[in-house]
């Protein structure tokens with residue numbers, strides 16, 4: 001037999017993948033350089049203060065741009081950007097296609113004629129026409145038709161912090177919204193959808209809060225009644241899916257009877273939406289029942305593993321709050337990234353365009369900073385998510401391989417964070433970079449597929465979709481392997497490649513257990529997500545039913561269900577992660593320990609009974625082997 005390296009859980013701590021940490025630090029320095037460069041070249045001032053079509057920054061003195069008239073003006077007292085035609089939106093380049101000027105005040109009421117514009121300029125000292133026209137010439141100069149705003153000038157107000165005059169009534173942007181939502185062919189449909197959301201905003205916020213509360217309650221249930229959780233979830237999902245489907249069909253039948261008396265477009269839309277919901281719920285319920293029928297014999301095998309995971313959450317209660325911290329850090333980074341992206345949109349040198357106005361463009365190698373910035377978004381986001389995985393793995397590993405649970409650190413989560421920062425940031429950087437290498441080609445192919453939509457032939461479309469699907473599958477497999485590699489690193493302080501190889505070998509050796517334990521556990525957690533979404537959706541249906549005469553249901557209900565699934569996924573993904581880490585720890589424990597003196601098992605009796613039951617089930621199915629036949633005895 002080939003020699004096997006001995007695992008020494010939590011005994012040795014050493015720095016791993018240091019070159020990758022240095023590479024990641026250099027990459028972050030490059031991200032900082034992009035931010036500093038955009039600020040140093042005036043992009044921050046142009047973004048926050050705004051600039052006109054001649055390259056002048058509002059609210060300050062400016063330098064003359066060669067070959068551009070009306071540039072280099074002193075606009076100290078004109079602090080707001082005003083667009084002559086704010087509703088003229090270029091859908092291709094996604095920008096306002098209008099002459100921009102710096103003005104001292106935004107028009108706070110509608111101006112219907114040139115005389116009103118002239119009176120506004122004389123009263124407030126804010127000239128809304130181009131700089132070469134004096135207010136006295138607004139009604140007499142023939143150039144005023146091109147150099148003055150398109151009237152009626154809508155009432156506008158400055159956007160906080162960005163000094164742009166924006167119309168108070170945003171209805172002129174409806175065409176832009178309709179262009180983004182391609183399935184809307186009638187503008188009245190879009191208006192009714194938006195009005196439905198605005199009318200039901202209090203209900204939407206209340207239902208989102210309800211989904212958060214339900215997720216917290218489910219986590220508490222998982223902690224304290226894990227033994228009966230599987231059966232409770234199964235029964236509740238059966239009753240919930242049957243009840244939801246029955247309520248939908250009942251509401252459809254009731255509203256169909258009353259629809260003949262009220263012939264409104266909203267009533268017809270709600271009736272059609274109810275029919276679609278009822279049919280979809282029926283199909284979903286049938287599929288769910290078939291899946292549960294197939295997996296009914298393996299449901300009992302997850303109870304013991306859930307019980308051990310519940311013990312982990314009892315000893316490590318801060319694990320529940322990991323999604324909040326990760327989400328908070330991601331929001332901070334994404335805010336920084338979007339801010340720098342906006343800086344990059346206004347950085348560069350002033351260049352005259354074909355219309356004689358000024359645009360700021362980057363030339364030479366600097367124009368590739370966009371790509372660097374996009375790669376930074378993916379890599380650093382994956383790095384933050386990988387830090388969460390490593391933190392959870394380190395805490396659960398500490399719990400599993402500590403024989404006396406009363407000797408656990410006071411805060412295993414903080415101890416895991418400390419080990420991550422001191423030893424394993426390089427491993428996290430390498431693992432997240434591998435995911436980035438797969439994500440970037442997939443995103444490029446998705447962008448190409450979007451740009452060529454309707455232009456490529458069927459064969460090319462099929463090949464693009466096949467490549468995108470293969471890359472997505474590869475990304476999911478690597479993400480799962482990375483998570484187990486982080487667990488192996490937390491156990492034995494080995495570098496990423498060694499940990500990934502060891503974790504892969506362990507998973508292959510326990511392929512049947514992975515299929516019988518891990519997959520079924522993930523399915524039960526999925527049922528928990530379904531329960532939260534169904535409960536929130538059912539509450540939404542009952543509440544929105546009181547507004548069916550003047551509110552369209554489609555968009556509010558979709559928003560609520562999506563938010564409920566997102567919240568449930570954030571909470572239960574931590575539980576799923578704990579189950580995966582426990583399984584790998586258990587597999588390593590059974591491989592390198594046999595219960596003899598000096599090689600005692602770390603697992604508790606509950607998990608051992610679970611393995612024995614799983615082994616018996618495999619034997620009954622004719623899949624038991626000799627190696628599985630030995631009795632596992634606790635310490």
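Our numbering is plain: 1 for the first residue shown, then up by one each step along the chain.
Just so it is clear, glycine is given a Cβ too, placed from its N, Cα and C backbone atoms.
Owing to the predicted nature of the structure, the values given are computational and were not obtained by experimental measurement.
Features of the protein shown, as given by TrEMBL:
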TRANSMEM  20-45  transmembrane segment
TRANSMEM  203-222  transmembrane segment
TRANSMEM  228-253  transmembrane segment
TRANSMEM  274-294  transmembrane segment
TRANSMEM  300-320  transmembrane segment
TRANSMEM  327-348  transmembrane segment
TRANSMEM  368-401  transmembrane segment
TRANSMEM  523-544  transmembrane segment
TRANSMEM  550-572  transmembrane segment
Closest-packing stretch to the transmembrane segment (368-401), where packing means Cβ pairs under 8 Å, from 20-45, 228-253, 274-294, 523-544:
20-45
Are there at least 3 C-beta pairs under 8 angstroms linking the transmembrane segment (203-222) and the transmembrane segment (327-348), leaving out pairs fewer than 6 apart in sequence?
no
Count the Cβ pairs between the transmembrane segment (228-253) and the transmembrane segment (300-320) that lie under 8 angstroms and are 6 or more residues apart in sequence, then report whether there are at least 3.
yes
With the transmembrane segment (300-320) as the reference, find which of 20-45, 203-222, 274-294, 523-544 contributes the most Cβ pairs under 8 Å.
203-222
Beyond the flanks of the transmembrane segment (20-45) by 6 or more, those residues with Cβ under 8 Å of it:
57, 60, 336, 340, 343-348, 360, 366, 369, 372-373, 376, 379-380, 383, 425-427, 429-430, 433, 496
